[in-house]
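Inspection log for the structure reproduced underneath, given as structure tokens.
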């Protein structure tokens, strides 16, 4: 305990280990109690530190979290980006060192302005607000990297029932509050009224989560729809090879021709690995086949659009043909994968910065949803499904959710299963069915409670068959989003700052 709370390298090393523990609480390990241990160690580790010492302690925690939880970055850079093992390792370490600052800054803010060791109840509430703030901030700053939120650990745990009420961030707030209160219970015993309030605040989110876990916030807006989702399992080395184009198109054509009757036929991200205008004949043929069978065909395909200046913008898109309509352009792009920041400086340095289709433009904000079989479908391409607020905006207008992805970049790492877990949380938050079609897994159907009903294992070629049900009505989260929680956090911050100022003048 003394090493955790005091300054110095022993405490920093424990913070490093504490950050890594969160990874074990998330998919694919799912030992969720460890997230409470991790957050509690972060909280205790800042108790006696100066702001400068807290800055280092927070950075160590962030480095441990991202070092363990995003180790798949090395696979993407080395295996698929063409970088040497040494260079890939160096780039990964630089990336992790940079994003670890997401924890260094809130740790400094905590030690500088918010910490109130003399008032454990107020301290616990303020810490919960800070914990939520750091998660929201790292999902927003510089387009965001909303990965490894602590709330995802509760997908199959007691707090899952809070997701439709306030999203994954409400769960994270509850975890931060729980961890801090557990650390402070012995200090609350001095005053029985404070102890009673502390126990009430400790139990409330867990009781509410369990009570709401099986509550249905939405209801069907139509009959079940049959789905056939294709998983081609195409190697990334073949994906953009022009000599392999016809083989890939033939693969999805034949899988579709041989598939069972379905209302929705879904192909993954960039299943058509050529510009839409170059594949119009192929898409028209497949659309006619789908329409003749009473189905809508939804596929990922790159799209080129004129800008009006004799130039073109390229988009990562989804299009619907057959008994459906609409094209959607991806709005949340993956840095370096789909666009290169500072590209005039970085392009040409290593092949990782010159990957095929790494110069996409961002899709407009006001796009219409896809339509298929008379229903509105909220589309998310790969990385987009990890943004809670962004996903909520589209989900609120929809009957069904759809995410298409190419998780080949992750290799055999834990990345694809983390990605799947976040998609499950989006379905739970929205109270809607989700269709998830990927190139190499995990292709799955997810129900409104975030549970997988059917799936195809990773690295297998096949067709997933199942049913989804269009849903209407809004969960509280889709209706209010995170505004109530944001207001509560601001009030808690204000309370902590005011109380600290008063205590200094007394």
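Note: Cβ is positioned from N, Cα and C throughout, glycine not excepted.
Feature list (source: Swiss-Prot):
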type	residues	note
ACT_SITE	269	active site, proton acceptor
ACT_SITE	330	active site
ACT_SITE	382	active site, nucleophile
DOMAIN	230-470	domain 'CN hydrolase'
TRANSMEM	24-44	transmembrane segment
TRANSMEM	58-78	transmembrane segment
TRANSMEM	85-105	transmembrane segment
TRANSMEM	125-145	transmembrane segment
TRANSMEM	162-182	transmembrane segment
TRANSMEM	192-212	transmembrane segment
TRANSMEM	482-502	transmembrane segment
So which of 58-78, 125-145, 192-212, 482-502 is most in touch with the transmembrane segment (162-182), counting Cβ pairs under 8 Å? 125-145
With a Cβ cut-off under 8 Å, give me the same-chain residues at least six positions beyond the ends of the transmembrane segment (24-44) that come close to it. 1, 4-5, 14-15, 18, 58, 61, 69, 103, 107, 127, 131, 148, 150, 152-154, 156-157, 175-176, 178-180, 182-183, 414, 417-418, 420-421
Tell me which residues of the chain lie with their Cβ under 8 angstroms from that of the residue listed as 'active site, nucleophile', as long as they are six or more apart in sequence? 269, 316, 330, 334, 403, 404, 405, 406, 407
For residue 330 (active site): DSSP state (helix, strand, coil): coil
